[in-house]
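Novice: Would you mind keeping the following structure in view while I ask a few things?
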Amino acid sequence: MPSQFRTIALIGKPDAPRIADTLAAIHSYLLTSGLEILVEHGCAGLFPRSARTGTMPELARQADIAVVVGGDGTLLGAARSLYAHGVPLVGINLGRLGFLVDISPNEAVDKLHAILSGACRAEERYPLAARLLRNGQTIAQGSAINEVVVHSGSATSMIELETAIDGVFLNSQRSDGLIVSTPTGSTAYALSAGGPILYPTLNATVLAPINPHTLSNRPIVISGDSLVTIAFRPNKEFRAQVSCDNVPFPDVGIEDRIEIRKAERPFRILHPTDYDFFQILRHKLNWSNR
């Protein structure tokens, strides 16, 4: 089969329902098509011993495309490992309809055949790049496909923050924390904090306070090209945590500063040509149909 994709990575959630049958069907199709297959170590037990396996770093270096079988979390985990190498992803959904994994197991082979033949919609989504600064020096950094969260780390105490956008003061707040979200993350934690849903390819960032003390402190959408700077206000009982997609920065101090901006490169998701984000929203959120 003529294709720009010659080496296909297979990544799956080993304990997901229907995972074995779905991966077996995809594996058989790829073998018949004469394509190279590289199976991620975590699901290697679901394949014949002769299958070629590799770690995520090896997949990132060698694969032309990754087929991810599972849910949104499985795809996001793969994206974090692969996006720096420019490996596009295709999501096969097991279980409930996902925002990111949109191909059903019953259609997996047909849809995958079309995508590998070039009949697809490519979608670029930018993560966030965050760094923790102390005395002007970077002491920790990370990336977030969904969100960067600054919070007190305690269910019983609030945190006091000052936020600036491109060096211009935005506001100060007392709250349980602040979510800085990508469009991808706008349907995740930020949504539960009252944030808006952003179209996935929109060049924008959401700032959503978590349970603000001042009720007029509402979520705000800013340019995706803006630099968000967060500082802590003096507090005798200071404690804070900063996390990128639930991966925490260590030892956050009261004089530290957090800088968050759009990452330099996107990750790519390949969808079937009939992909419809609004249909997914209607289904997931139980919106009315016509």
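Heads up, the Cβ atoms here are built off N, Cα and C, so glycines get one too.
Copying in the features that Swiss-Prot gives for the protein in this structure:
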ACT_SITE  Asp72  active site, proton acceptor
BINDING   Asp72, Gly73, Asn146, Glu147, Arg174, Asp176, Thr187, Ala188, Tyr189, Ala190, Leu191, Ser192  NAD(+) binding site
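Would you situate these features in the structure and describe their surroundings?
Specialist: Using a 10 Å radius centred on the Cβ of Asp72 (active site, proton acceptor) and all shown protein chains, the other Cβ atoms total 22.
Cβ neighbours of Leu191 (NAD(+) binding site) (same chain, under 8 Å, six or more residues apart in sequence): Ile197.
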Novice: Tell me the Cβ neighbour count for Asn146 (NAD(+) binding site), meaning other Cβ atoms within 10 Å of its Cβ, over all protein chains shown.
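Specialist: Taking all protein chains shown, Asn146 (NAD(+) binding site) has 24 Cβ neighbours within 10 Å.
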Novice: Under a three-state reduction of DSSP output, how is Asn146 (NAD(+) binding site) classified: helix, strand, or coil?
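Specialist: Asn146 (NAD(+) binding site) sits in coil per DSSP, no helix or strand.
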Novice: What is the number of other Cβ atoms found within 10 Å of the Cβ of Arg174 (NAD(+) binding site)?
Specialist: 16
Novice: Is Arg174 (NAD(+) binding site) helix, strand or coil when read with DSSP?
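Specialist: SS state of Arg174 (NAD(+) binding site) = strand.
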